[in-house]
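Swiss-Prot has this to say about the protein:
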- CYS408: active site (ACT_SITE)
- GLU410: active site (ACT_SITE)
- CYS119-CYS419: disulfide bond (DISULFID)
- 147-158: region 'Effector region-1' (REGION)
- 168-313: region 'Effector region-2' (REGION)
- 565-626: region 'Adenosylcobalamin-binding-1' (REGION)
- 685-724: region 'Adenosylcobalamin-binding-2' (REGION)
Amino acid sequence: MSEEISLSAEFIDRVKASVKPHWGKLGWVTYKRTYARWLPEKGRSENWDETVKRVVEGNINLDPRLQDSPSLELKQSLTEEAERLYKLIYGLGATPSGRNLWISGTDYQRRTGDSLNNCWFVAIRPQKYGDSKIVPSYLGKQEKAVSMPFSFLFDELMKGGGVGFSVARSNISQIPRVDFAIDLQLVVDETSESYDASVKVGAVGKNELVQDADSIYYRLPDTREGWVLANALLIDLHFAQTNPDRKQKLILDLSDIRPYGAEIHGFGGTASGPMPLISMLLDVNEVLNNKAGGRLTAVDAADICNLIGKAVVAGNVRRSAELALGSNDDQDFISMKQDQEKLMHHRWASNNSVAVDSAFSGYQPIAAGIRENGEPGIVNLDLSKNYGRIVDGYQAGIDGDVEGTNPCGEISLANGEPCNLFEVFPLIAEEQGWDLQEVFALAARYAKRVTFSPYDWEISREIIQKNRRIGISMSGIQDWLLTRLGNRVVTGFKDDFDPETHEAIKVPVYDKRAIKMVDQLYKAVVKADQDYSKTLGCNESIKHTTVKPSGTVAKLAGASEGMHFHYGAYLIQRIRFQDSDPLLPALKACGYRTEADIYTENTTCVEFPIKAVGADNPNFASAGTVSIAEQFATQAFLQTYWSDNAVSCTITFQDSEGDQVESLLRQYRFITKSTSLLPYFGGSLQQAPKEPIDKETYEKRSQEITGNVEEVFSQLNSDVKDLELVDQTDCEGGACPIK
């Protein structure tokens, strides 16, 4: 018989009385609008103590030993661990991923096995559905179908996850010839609330339905699975292997899909109506019909994935994260975003990267693209497959199933595998009296329990049980090292030569104290995983550590994001709110400057003055002042001594540094597993999200703020259910989902 661990009200009251959450300037506001779930019985959204209780209980009860009449000793031990986790997270010395903050401990988590993982990877090639929650009725479970990876991507995006996908030549070449062009008819009942809007985007009334012997009719249920299955059927009808009857007309009936604005239970939010799905299905069919008698290219497959992502964004999930990974010599793929019409229509939906190995040398066209628009990014699959931390040396096939990454690039992943993240703010945790080795051990155990979720897809269950991959990240890295060391980790550069090309290079010199600090913490994570894996009788995690880009979660604690340098020593951070957002009156009452958003109607832009941790330190550097060379070197430091997965980093560069991109990509080809770059804009845009300011302006603007937003909001009692978020970003490069 299974039993559940719960935290007592008395314990929580003691923590609230003794621990003060380390809210950043944007922290509580970011939390309230992003992670606080609605409590219908109380007519308000959660408070922070309630969120942390839900999250910790949702996680601790994943320990599989609780499923079989646990002993009192075990229950006591896990309760004590839950209490330590609660205290740690409540104080913001560490947090699980934003996905866990939103979903852990909910009914949606219990129903949906995939719900706790942020991001996934899938290879775009014919695959079997297997013993999964979604299997088209016309397929056997072991039958390979072209639709399967697109179904996986569509399903995970609608659950709020991000998906990396590979359209590398080795995958696309496995897709058979497109045998048929399909006549697609989308129908909606004339009595549907969505009828007029649906007809405008290409549907027809049900009275116009003409069915014959050559047609297939499918009435979509009003479910996520229904959307996925409709797209799967459309794709598979184009291929003789999955259309043996050679049917060439498909009628999809969307009459049952709930109208725009209707409530969505589970993940939350409101429905979009059938219109985004109608547009998507027509567009996907056009891509496939255009290749009838021929083969799909990497660009075609990426287009289908982007069209799916676009539909998901227009639907309930307001941000859809995709990373398209292509072959490094596929010029059509590399240049696909140069088609401005298609870029504006759907190709914006993914960040694009190319797969390389350490022998690759063709960086010139890649560097040119990066200077132009920040793409493509680089993913070194050879390093990912054969190395953990670089300092630990070559380990042939240590992660041999790797084929790609999640959208932010910090976790190398096999087909169907998710990332599984937990984030520690080492400076904050130390300031709150924590032993960092205990903190990182708690983090490892938290992430390990997530691997025992009942996953919906067979490919995911199998690879998770094999790899048990976790990704323990640290954030506020620049804050921590600058405060503890008094300087940045890169203390200088020395002259050297590339061992293969013999080019002159500048090799970074690292502070040896920093090497020791991160090495000890890495070993603490590995030891905790080894011990817990032995206790649970499961495989040790194939890899353990990472640096996630962070963003929304880092804002909670007011820390620098992942390994990134603060955007400026002093900033105006602009956050956009719907005009109806209940936080706006509280923000205005506290003196924050607001103005109408110039880009979006019914939206207000709120300005928050921010001072970076360590801004007054003479060795402080911001993204606007740190060199491109030091950023590459810092990423290499973390890949060498901390992360056995990868290090997510968006390196920013000034116009004057653009000519260094190619040589630095080449210099670090034996160290960097993934990287991306963007030109530094410095707040030159109107109402820029981040605008560097000077100290005097910061102090003046700070004096205008006279109240505590949390207290004023509570006094106004103006909470609202299911408010749509606008303008949320969860990482430096914009690749992560909102939650």
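The backbone N, Cα and C atoms fix where each Cβ goes, and this holds for glycine too.
Residue counts of the region 'Effector region-2' (168-313) by helix, strand and coil are 60 helix, 20 strand, 66 coil (DSSP-based). Secondary structure from DSSP puts CYS119 (disulfide bond) in a beta strand. Taking Cβ-Cβ distances under 8 Å and a sequence separation of 6 or more, the neighbours of GLU410 (active site) in its chain are CYS419, GLY471, SER473, THR546, VAL547, LYS548, PRO549, SER643, ASN645, ALA646, VAL647, SER648, SER674.
Rounded to a whole number, the C-alpha distance linking CYS408 (active site) with CYS119 (disulfide bond) is 9 angstrom. Around the Cβ of CYS419 (disulfide bond), a 10 Å sphere holds 29 further Cβ atoms from the protein chains shown. Comparing local CB density within 10 A for the recorded positions CYS119, CYS408, the maximum falls on CYS408. DSSP labels the residues of the region 'Effector region-1' (147-158) in these numbers: 12 helix, 0 strand, 0 coil. The predicted model assigns the region 'Effector region-2' (168-313) a mean pLDDT of 92.
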